[in-house]
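To keep things clear, I will list the structure first and then write my remarks on it.
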(Lines of atoms letter the chains of each structure in order from A and count residues from 1; the text may use other names and numbers.)
(Lines give C-alpha, C1' and ligand atoms only; values in the text may rest on other atoms or scores of the structure.)
Protein backbone atom coordinates (compact mmCIF):
# COMPACT_ATOMS: atom_id res chain seq x y z
CA UNK A 1 0.00 0.00 0.00
CA UNK A 2 1.16 3.54 -0.80
CA UNK A 3 -0.54 6.76 0.33
CA UNK A 4 -1.93 7.30 -3.17
CA UNK A 5 -2.94 3.68 -3.87
CA UNK A 6 -5.14 1.34 -1.84
CA UNK A 7 -5.03 -2.37 -2.74
CA UNK A 8 -8.82 -2.64 -2.66
CA UNK A 9 -8.67 -5.97 -4.50
CA UNK A 10 -6.86 -7.39 -1.45
CA UNK A 11 -9.37 -6.11 1.12
CA UNK A 12 -11.19 -9.40 1.75
CA UNK A 13 -7.92 -11.34 2.05
CA UNK A 14 -6.40 -8.90 4.55
CA UNK A 15 -9.61 -8.91 6.58
CA UNK A 16 -9.67 -12.73 6.64
CA UNK A 17 -6.07 -12.71 7.91
CA UNK A 18 -7.07 -10.38 10.76
CA UNK A 19 -10.03 -12.58 11.68
CA UNK A 20 -7.78 -15.64 11.83
CA UNK A 21 -5.14 -13.77 13.84
CA UNK A 22 -7.67 -12.46 16.37
CA UNK A 23 -9.29 -15.88 16.73
CA UNK A 24 -5.87 -17.41 17.39
CA UNK A 25 -4.96 -14.74 19.96
CA UNK A 26 -8.29 -15.21 21.74
CA UNK A 27 -8.18 -19.03 21.71
CA UNK A 28 -6.91 -19.31 25.33
CA UNK A 29 -9.93 -17.31 26.50
CA UNK A 30 -12.74 -18.10 24.04
CA UNK A 31 -13.69 -20.46 21.24
CA UNK A 32 -15.99 -17.85 19.70
CA UNK A 33 -15.71 -16.95 16.04
CA UNK A 34 -15.45 -13.14 15.88
CA UNK A 35 -18.38 -11.13 14.58
CA UNK A 36 -16.80 -9.20 11.70
CA UNK A 37 -17.55 -5.59 10.78
CA UNK A 38 -16.12 -4.40 7.47
CA UNK A 39 -14.86 -0.92 6.69
CA UNK A 40 -15.52 0.97 3.49
CA UNK A 41 -12.60 0.09 1.21
CA UNK A 42 -11.73 3.75 0.56
CA UNK A 43 -12.42 7.24 1.90
CA UNK A 44 -12.89 5.90 5.44
CA UNK A 45 -10.53 8.13 7.44
CA UNK A 46 -12.11 11.33 8.75
CA UNK A 47 -8.83 12.87 9.89
CA UNK A 48 -5.30 13.04 8.52
CA UNK A 49 -2.03 14.84 9.22
CA UNK A 50 0.59 15.72 6.60
CA UNK A 51 3.98 17.36 6.64
CA UNK A 52 4.53 20.04 3.99
CA UNK A 53 7.50 20.01 1.62
CA UNK A 54 8.81 23.24 0.10
CA UNK A 55 10.49 22.48 -3.24
CA UNK A 56 11.41 25.75 -4.92
CA UNK A 57 8.14 27.32 -5.99
CA UNK A 58 6.33 24.03 -5.51
CA UNK A 59 4.61 23.01 -2.28
CA UNK A 60 3.01 19.67 -1.50
CA UNK A 61 1.90 17.27 1.23
CA UNK A 62 4.26 14.47 2.19
CA UNK A 63 4.26 11.36 4.35
CA UNK A 64 7.20 9.22 5.41
CA UNK A 65 7.75 5.56 4.54
CA UNK A 66 7.65 3.66 7.84
CA UNK A 67 10.52 1.35 6.84
CA UNK A 68 12.90 3.55 4.85
CA UNK A 69 11.85 6.90 6.38
CA UNK A 70 12.01 8.39 2.88
CA UNK A 71 9.47 11.06 2.06
CA UNK A 72 6.54 10.36 -0.27
CA UNK A 73 4.69 13.09 -2.14
CA UNK A 74 0.95 12.89 -1.50
CA UNK A 75 -1.38 14.82 -3.81
CA UNK A 76 -4.37 12.53 -3.23
CA UNK A 77 -5.09 10.31 -0.25
CA UNK A 78 -7.84 7.76 -1.02
CA UNK A 79 -7.88 6.46 2.56
CA UNK A 80 -9.21 9.85 3.67
CA UNK A 81 -12.67 11.31 3.22
CA UNK A 82 -13.65 12.93 -0.06
CA UNK A 83 -13.74 16.25 1.80
CA UNK A 84 -10.12 15.89 2.95
CA UNK A 85 -9.06 15.16 -0.64
CA UNK A 86 -10.90 18.24 -1.87
CA UNK A 87 -9.36 20.37 0.88
CA UNK A 88 -5.84 19.07 0.21
CA UNK A 89 -5.94 20.51 -3.31
CA UNK A 90 -7.67 23.70 -2.22
CA UNK A 91 -5.23 24.35 0.63
CA UNK A 92 -2.14 23.91 -1.56
CA UNK A 93 -3.65 26.21 -4.19
CA UNK A 94 -4.49 28.82 -1.56
CA UNK A 95 -1.20 28.71 0.34
CA UNK A 96 1.47 28.05 -2.32
CA UNK A 97 1.78 31.61 -3.64
CA UNK A 98 0.94 33.46 -0.42
CA UNK A 99 4.09 34.30 1.56
CA UNK A 100 2.25 35.05 4.83
CA UNK A 101 0.57 31.64 4.79
CA UNK A 102 3.40 29.60 3.26
CA UNK A 103 6.49 30.89 5.12
CA UNK A 104 7.63 28.40 7.81
CA UNK A 105 4.51 26.23 7.34
CA UNK A 106 5.52 22.66 8.12
CA UNK A 107 2.29 20.67 8.70
CA UNK A 108 -1.44 20.68 7.93
CA UNK A 109 -3.96 18.64 9.96
CA UNK A 110 -7.43 17.86 8.62
CA UNK A 111 -10.49 16.85 10.67
CA UNK A 112 -13.77 16.19 8.85
CA UNK A 113 -17.21 14.75 9.49
CA UNK A 114 -19.83 12.77 7.59
CA UNK A 115 -21.92 15.94 7.91
CA UNK A 116 -19.35 17.66 5.62
CA UNK A 117 -17.77 20.00 8.14
CA UNK A 118 -14.02 20.50 8.47
CA UNK A 119 -11.37 22.02 10.72
CA UNK A 120 -7.98 22.58 9.10
CA UNK A 121 -4.99 23.40 11.31
CA UNK A 122 -1.86 25.01 9.88
CA UNK A 123 1.30 24.47 11.97
CA UNK A 124 4.24 26.90 11.78
CA UNK A 125 7.83 27.39 12.91
CA UNK A 126 7.29 31.14 13.30
CA UNK A 127 5.31 33.72 15.23
CA UNK A 128 1.84 34.31 13.81
CA UNK A 129 0.91 37.97 13.37
CA UNK A 130 -1.91 40.13 12.06
CA UNK A 131 -0.69 39.69 8.48
CA UNK A 132 -1.13 35.93 8.89
CA UNK A 133 -4.62 36.37 10.37
CA UNK A 134 -5.72 38.57 7.46
CA UNK A 135 -4.34 36.14 4.88
CA UNK A 136 -5.90 33.14 6.65
CA UNK A 137 -9.26 34.91 6.86
CA UNK A 138 -9.17 35.61 3.12
CA UNK A 139 -8.31 31.95 2.43
CA UNK A 140 -11.13 30.73 4.67
CA UNK A 141 -13.62 33.01 2.91
CA UNK A 142 -12.41 31.79 -0.50
CA UNK A 143 -12.83 28.17 0.57
CA UNK A 144 -16.34 28.86 1.83
CA UNK A 145 -17.16 30.56 -1.47
CA UNK A 146 -16.36 27.19 -3.07
CA UNK A 147 -19.05 25.62 -0.87
CA UNK A 148 -16.66 24.17 1.73
CA UNK A 149 -17.85 24.35 5.35
CA UNK A 150 -14.38 24.85 6.83
CA UNK A 151 -12.77 26.47 9.87
CA UNK A 152 -9.07 27.40 9.90
CA UNK A 153 -6.71 27.38 12.87
CA UNK A 154 -3.12 28.59 13.07
CA UNK A 155 -0.67 26.97 15.48
CA UNK A 156 2.85 27.89 16.51
CA UNK A 157 4.87 27.52 19.71
CA UNK A 158 2.58 28.54 22.60
CA UNK A 159 0.16 30.03 20.06
CA UNK A 160 -3.25 29.00 18.76
CA UNK A 161 -5.33 31.32 16.59
CA UNK A 162 -8.94 30.35 15.87
CA UNK A 163 -10.51 32.40 13.13
CA UNK A 164 -13.93 31.46 14.52
CA UNK A 165 -14.03 28.03 16.23
CA UNK A 166 -11.90 24.93 16.85
CA UNK A 167 -14.65 22.29 16.59
CA UNK A 168 -17.12 20.68 14.23
CA UNK A 169 -20.33 18.78 14.95
CA UNK A 170 -20.71 15.24 13.62
CA UNK A 171 -24.11 13.62 13.09
CA UNK A 172 -24.20 9.83 13.11
CA UNK A 173 -27.22 7.55 12.53
CA UNK A 174 -27.02 5.03 15.38
CA UNK A 175 -29.68 2.30 15.61
CA UNK A 176 -32.46 4.51 14.31
CA UNK A 177 -31.47 7.67 16.17
CA UNK A 178 -29.30 10.58 15.03
CA UNK A 179 -26.48 11.30 17.49
CA UNK A 180 -24.71 14.67 17.59
CA UNK A 181 -21.04 14.67 18.58
CA UNK A 182 -18.93 17.81 18.95
CA UNK A 183 -15.38 17.06 17.83
CA UNK A 184 -12.61 19.39 18.98
CA UNK A 185 -9.42 19.98 17.00
CA UNK A 186 -6.37 18.25 18.49
CA UNK A 187 -8.54 15.99 20.68
CA UNK A 188 -9.19 12.29 20.17
CA UNK A 189 -12.00 11.30 17.82
CA UNK A 190 -12.74 7.97 16.17
CA UNK A 191 -10.89 8.11 12.81
CA UNK A 192 -13.24 5.82 10.85
CA UNK A 193 -16.78 7.20 11.13
CA UNK A 194 -18.48 4.29 9.35
CA UNK A 195 -16.76 1.86 11.71
CA UNK A 196 -17.65 4.02 14.70
CA UNK A 197 -21.33 3.67 13.81
CA UNK A 198 -20.95 -0.12 13.67
CA UNK A 199 -19.10 -0.20 17.01
CA UNK A 200 -21.82 1.88 18.66
CA UNK A 201 -24.58 -0.31 17.25
CA UNK A 202 -22.76 -3.50 18.33
CA UNK A 203 -22.31 -2.10 21.85
CA UNK A 204 -26.01 -1.22 21.94
CA UNK A 205 -27.01 -4.68 20.76
CA UNK A 206 -24.90 -6.59 23.30
CA UNK A 207 -26.20 -4.44 26.19
CA UNK A 208 -29.87 -4.30 25.12
CA UNK A 209 -31.16 -6.31 28.10
CA UNK A 210 -29.11 -4.42 30.70
CA UNK A 211 -30.18 -3.83 34.26
CA UNK A 212 -29.01 -1.05 36.53
CA UNK A 213 -26.46 1.61 35.63
CA UNK A 214 -23.38 1.86 33.42
CA UNK A 215 -19.92 3.05 34.41
CA UNK A 216 -17.54 4.10 31.63
CA UNK A 217 -13.83 4.85 31.98
CA UNK A 218 -12.00 6.91 29.31
CA UNK A 219 -15.21 8.34 27.82
CA UNK A 220 -13.64 11.02 25.56
CA UNK A 221 -16.36 13.23 24.08
CA UNK A 222 -19.04 10.81 25.26
CA UNK A 223 -19.00 8.77 22.04
CA UNK A 224 -20.12 5.50 23.66
CA UNK A 225 -21.69 6.88 26.87
CA UNK A 226 -24.33 8.90 25.05
CA UNK A 227 -25.24 6.18 22.56
CA UNK A 228 -25.51 3.57 25.33
CA UNK A 229 -27.54 5.81 27.65
CA UNK A 230 -30.81 4.48 26.17
CA UNK A 231 -29.97 0.97 27.50
CA UNK A 232 -29.34 1.97 31.13
CA UNK A 233 -31.05 3.78 33.99
CA UNK A 234 -28.03 6.06 34.47
CA UNK A 235 -24.51 6.41 33.09
CA UNK A 236 -21.49 7.60 35.07
CA UNK A 237 -18.42 8.34 32.95
CA UNK A 238 -14.86 9.58 33.54
CA UNK A 239 -12.46 11.50 31.28
CA UNK A 240 -9.26 13.42 32.10
CA UNK A 241 -8.85 15.76 29.08
CA UNK A 242 -10.59 19.13 29.61
CA UNK A 243 -11.54 19.72 25.93
CA UNK A 244 -13.08 16.24 25.73
CA UNK A 245 -15.06 16.80 28.94
CA UNK A 246 -16.35 20.13 27.60
CA UNK A 247 -17.35 18.45 24.32
CA UNK A 248 -19.06 15.63 26.23
CA UNK A 249 -21.09 18.14 28.25
CA UNK A 250 -22.15 19.88 25.03
CA UNK A 251 -23.09 16.54 23.48
CA UNK A 252 -25.24 15.61 26.48
CA UNK A 253 -27.26 18.81 25.99
CA UNK A 254 -27.34 18.58 22.18
CA UNK A 255 -28.74 15.05 22.32
CA UNK A 256 -31.25 15.90 25.08
CA UNK A 257 -29.89 13.16 27.35
CA UNK A 258 -30.62 13.50 31.05
CA UNK A 259 -29.16 10.32 32.56
CA UNK A 260 -25.41 10.78 31.90
CA UNK A 261 -22.95 12.28 34.42
CA UNK A 262 -19.36 13.09 33.32
CA UNK A 263 -16.55 13.38 35.89
CA UNK A 264 -13.17 14.88 34.97
CA UNK A 265 -10.65 12.50 36.45
CA UNK A 266 -8.30 9.72 35.40
CA UNK A 267 -9.44 6.11 35.53
CA UNK A 268 -6.74 5.41 38.11
CA UNK A 269 -8.04 8.23 40.33
CA UNK A 270 -11.61 7.00 39.98
CA UNK A 271 -10.46 3.55 41.05
CA UNK A 272 -9.00 5.09 44.20
CA UNK A 273 -12.25 6.96 44.87
CA UNK A 274 -14.38 3.86 44.36
CA UNK A 275 -12.15 1.90 46.73
CA UNK A 276 -12.26 4.65 49.36
CA UNK A 277 -8.50 5.20 49.18
CA UNK A 278 -8.77 8.95 48.46
CA UNK A 279 -11.38 11.68 48.41
CA UNK A 280 -11.57 14.12 45.50
CA UNK A 281 -13.09 17.61 45.46
CA UNK A 282 -14.30 16.90 41.90
CA UNK A 283 -16.64 14.27 43.34
CA UNK A 284 -18.36 16.62 45.76
CA UNK A 285 -22.10 16.42 45.19
CA UNK A 286 -21.84 13.02 43.48
CA UNK A 287 -22.88 10.09 45.64
CA UNK A 288 -21.08 7.13 44.12
CA UNK A 289 -23.02 4.73 46.35
CA UNK A 290 -26.24 5.89 44.65
CA UNK A 291 -25.19 4.22 41.40
CA UNK A 292 -26.00 0.55 40.89
CA UNK A 293 -23.53 -0.16 38.09
CA UNK A 294 -24.04 -3.68 36.79
CA UNK A 295 -21.99 -3.01 33.66
CA UNK A 296 -18.64 -1.29 33.18
CA UNK A 297 -17.42 -0.08 29.79
CA UNK A 298 -13.72 0.44 29.07
CA UNK A 299 -12.03 1.69 25.90
CA UNK A 300 -8.47 2.13 27.15
CA UNK A 301 -5.38 3.44 25.35
CA UNK A 302 -3.08 1.00 23.55
CA UNK A 303 -1.38 0.13 26.84
CA UNK A 304 -4.61 -1.48 28.09
CA UNK A 305 -5.85 -1.54 31.69
CA UNK A 306 -3.40 -1.09 34.55
CA UNK A 307 -3.40 -3.74 37.29
CA UNK A 308 -5.45 -1.68 39.74
CA UNK A 309 -8.15 -0.99 37.15
CA UNK A 310 -8.15 -4.68 36.23
CA UNK A 311 -9.02 -5.51 39.83
CA UNK A 312 -11.66 -2.79 39.97
CA UNK A 313 -13.51 -3.89 36.82
CA UNK A 314 -13.64 -7.49 38.05
CA UNK A 315 -16.17 -6.35 40.65
CA UNK A 316 -18.80 -5.77 37.93
CA UNK A 317 -21.09 -8.51 36.58
CA UNK A 318 -20.52 -7.41 32.98
CA UNK A 319 -17.47 -5.83 31.36
CA UNK A 320 -17.73 -4.33 27.88
CA UNK A 321 -14.18 -3.83 26.57
CA UNK A 322 -13.30 -2.11 23.30
CA UNK A 323 -9.63 -2.55 22.46
CA UNK A 324 -7.39 -0.88 19.88
CA UNK A 325 -4.62 -3.34 20.78
CA UNK A 326 -5.61 -7.03 21.09
CA UNK A 327 -2.19 -7.85 22.58
CA UNK A 328 -2.87 -5.78 25.70
CA UNK A 329 -6.49 -7.00 25.71
CA UNK A 330 -5.21 -10.58 25.92
CA UNK A 331 -2.82 -9.57 28.68
CA UNK A 332 -5.77 -8.10 30.60
CA UNK A 333 -7.84 -11.22 29.90
CA UNK A 334 -5.26 -13.33 31.72
CA UNK A 335 -6.59 -11.64 34.87
CA UNK A 336 -10.19 -10.92 33.87
CA UNK A 337 -10.84 -14.48 32.69
CA UNK A 338 -10.28 -15.69 36.25
CA UNK A 339 -13.65 -14.17 37.17
CA UNK A 340 -15.41 -13.61 33.82
CA UNK A 341 -16.06 -15.47 30.56
CA UNK A 342 -16.06 -14.02 27.05
CA UNK A 343 -19.66 -14.12 25.81
CA UNK A 344 -19.32 -11.90 22.69
CA UNK A 345 -16.35 -11.16 20.44
CA UNK A 346 -16.18 -8.71 17.53
CA UNK A 347 -13.56 -7.49 15.08
CA UNK A 348 -13.92 -3.93 13.78
CA UNK A 349 -11.73 -3.20 10.76
CA UNK A 350 -10.98 0.35 11.85
CA UNK A 351 -7.68 0.54 9.95
CA UNK A 352 -7.90 -1.36 6.63
CA UNK A 353 -4.69 -2.45 4.88
CA UNK A 354 -2.68 -2.24 8.13
CA UNK A 355 -1.90 -4.87 10.77
CA UNK A 356 -3.86 -2.87 13.36
CA UNK A 357 -7.07 -4.41 14.74
CA UNK A 358 -9.87 -2.99 16.86
CA UNK A 359 -11.98 -5.51 18.72
CA UNK A 360 -14.73 -5.73 21.30
CA UNK A 361 -15.50 -8.30 23.96
CA UNK A 362 -18.39 -8.66 26.36
CA UNK A 363 -17.38 -10.44 29.56
CA UNK A 364 -19.91 -11.88 31.99
CA UNK A 365 -19.19 -12.97 35.55
CA UNK A 366 -18.76 -16.71 36.08
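Each residue, glycine too, has its Cβ placed from N, Cα and C.
Keep in mind that this is a model prediction, so the values were computed, not measured.
Annotated S-adenosyl-L-methionine-binding residues in Swiss-Prot are 218, 223, 239, 299, and among 183, 190, 272, 338 the one listed with them is 190. Calculated from their C-alpha atoms, the gap between residue 358 (active site, proton acceptor) and residue 223 (S-adenosyl-L-methionine binding site) amounts to 16 Å. Cα of residue 324 (active site, nucleophile) to Cα of residue 218 (S-adenosyl-L-methionine binding site): a distance of 13 Å.
DSSP gives residue 358 (active site, proton acceptor) a strand state. Within 8 Å of the Cβ centroid of the S-adenosyl-L-methionine site, not counting the listed residues 190, 218, 223, 239, 299, the chain contributes 188, 216, 219, 220, 221, 222, 224. Secondary structure at residue 299 (S-adenosyl-L-methionine binding site), as computed by DSSP, is coil. Spanning the listed S-adenosyl-L-methionine site, residues 190, 218, 223, 239, 299 have a farthest Cα to Cα distance of 16 Å. DSSP gives residue 324 (active site, nucleophile) a coil state; it is part of no helix or strand.
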